[in-house]
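Here TrEMBL flags 30-202 as domain 'Autophagy-related protein 16'. Taken from TrEMBL, the feature repeat 'WD' covers 296-337, 340-381.
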Amino acid sequence: MAALGAERGEASKVEEKINTQKTADSWKRHIIRQLKHRDKYQKAMFQDVILAYINLLERSNQRALITKGILGSGSRYPASSNESLTSLISKNDDLKKTTGELAYQVLELQQEIKIKDSVLEEQHARMCEVKKDLLGVQAEDGSLAVRVAEVTEGNRLLKREYDSLLEQHHDMDQTFREEKLRGQEMLEELVRRKQHAAIRMNSRNERRVRAREASLQKELETAGKVKVTIDVGSVSAPASREASPKSDLAERRTTRLFSRKKRRGNSLCLSLEEELYVPVGICLAARVPVRALHVLDAHELGINAVRFSSSCNLLATGGTDRSIKLWDVKAGMLHNRGTLDGSNEGITSIEFDQTGTRVIAASYDKSALFWRLDDSAPKVTKQPG
């Protein structure tokens, strides 16, 4: 058992070493990749400088080798000829010229490096500005996101309110329709009651007329049996009437039965005898009219008030178009007589005076206006303070 435990411990240690080695290898590979990437990036930026530096090193190495060869040859051959000195001097001149060219190239390369450094600094500054702008845009985007969330929440609340108002509208519309149906039913019931009341009133009037005719027939029979002496030459009619009051009453009722009254719309006045001898009118039928006798477009907008004059031959209509129009009633037709203007709001009610020559009207602005029929401008206007 102890040996088995030792083997397991050694196996775990080996696994830990393998894992550690794998971790170290992955870390090293990561560093190598980063170094290669940096080397590639920097090498691309300074490739020209590196090439110039390599050329400079090669030429300096050549110069060192040449100098070494010259010194070695001098030591080996101390008694050289003038030609070797001349060649060495020319080579020295060539090396100086090459050194000058290399120095000039180094200066040019340093100038290019400075230019590239300035370009890099400008790009770095521009990158900083872009980062700053990016931060500002991100902040603005965050504020806009918050605003969008607020607007969305507000729209959700408005949608809820709209839904609730729509439900209320549906409920109120349903209630309105029910009330409208109820009003129509009440109107029909009222018309039905009016018809029944008219029928009852007509039946009562017919019974009264029959009873009055029967009593009048009896009075005529009684008056026919009474003997009356009339003196044609005398004018004392009151005395004879006083002598026979029953015959006087019979004569009056007979005259009342057979006298005819002129139509009120065509006569100018009525005498006392006409008022006494005119029979009382009887309502024979009461029903809702089903056909209009005359239809015309009286106003541009709705009509709110209609009124006949006392003589019944003049009609006034007032409407929402703030005017009153006068109409002559002839042979069941309406003929335009004129227009009364001057109101600031729509007309609500109209009234004639007893003579039928003046009109007073009320309007929506709580004012009363007074006209004469011969003048379309209002004479008096009263408005409450």
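Here the Cβ of each residue, glycine as well, is placed from N, Cα and C on the backbone.
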Summary of DSSP states over the repeat 'WD' (340-381), given as helix, strand and coil counts: 0 helix, 25 strand, 17 coil
Taken over the repeat 'WD' (340-381), the model's mean pLDDT: 84
